[in-house]
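As recorded in TrEMBL:
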type	residues	note
TRANSMEM	12-33	transmembrane segment
TRANSMEM	45-63	transmembrane segment
TRANSMEM	75-94	transmembrane segment
TRANSMEM	110-127	transmembrane segment
TRANSMEM	139-159	transmembrane segment
TRANSMEM	174-199	transmembrane segment
TRANSMEM	211-233	transmembrane segment
TRANSMEM	245-265	transmembrane segment
Amino acid sequence: MQQKKTPGGRSTTATTLAAVLPAVVVAGLLVLTASGDLKAPIEDLTVAAASLSAAAISIPVMLGQKTRHGYKPFLALSVGLALWAVAEILWAYFELVAGIEVPYPSVPDIFYLSGYAFVALFLFSLYRVSPRAFENKMVVIVIAITVESFFLNFFLIQLVENIVGFAQPTADDWLLLAVSVAYPLLDGILLVPAAVLITGYQLGIMSRFSILLFAAAVVLFAVGDTGFSYFALTDFAALQDEKVWNTFYAVSYVLFAGSLLSVLLEMRASPKQVGGIKAGATKDYY
């Protein structure tokens, strides 16, 4: 398929990569090299800024859709990313202003967990209209669920062993367990449609390249959540050094932003189309 060009003559993929790759490097280095008194502010503000960039770019993408088939999914995504951005800002507030070293579980988790519902709605909306053969979809779904189940079972076994060690679990212990288990479960809900879309998405609301960036962001988000949740239950003190998990989150948000930037560039390169397809071309899939 012929690459769409930006007004400057560069392909939209090249333009996106030119913006995303330096942003990934900068975000990663800021988090990994932060130290001393500036460690927490740099880490928290980098993640918050990355989340805000993804939420901000989603708005013109949503408003630029010319059909409800494009508008509704991106509306859900915008809400989800906005909730995650609010969560990151609140997390930074609790750490930097309120002085809570690891505010977990706390108010930010309400926004984190709520955001999953809207991002999942976005992914399943794309999955629903992807015209890939049903058999191929099922193969990928089975593989994705199998892999997710393996890691989730390992995770849960470790949690049970840890909980058994509690003499008398308190209400706070059960809340910590519930929230920590919720994250990998919700990440699994995002990973399955993301895996299917990588292999079979052909509708055109998003290009294959933007789908790949989005799926990569989901994977990194899941890795960060799973690792964070695991240590929250097995070695909570280790979470005071959030460098590793913040790196995953910062890069993930940059990739979310990059995916949406790719969509936005595609829209501007083809003003008479929506995400690469003509308005109304999705009606047969609804």
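Positions of Cβ are set from backbone N, Cα and C atoms, glycine also.
Heads up, TrEMBL stuff is auto-annotated, nobody curated it.
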The transmembrane segment (245-265) and the transmembrane segment (12-33): do they have three or more Cβ pairs under 8 Å, with pairs 6 or more apart in sequence?
-> yes
Paired segments the transmembrane segment (45-63) and the transmembrane segment (174-199) in contact, 3+ CB pairs under 8 A = no
Beyond the flanks of the transmembrane segment (75-94) by 6 or more, those residues with Cβ under 8 Å of it = 44-45, 47-48, 51-52, 54-55, 58-59, 61-62, 100, 103, 106-112, 114-119, 121-122, 125, 249, 253, 256
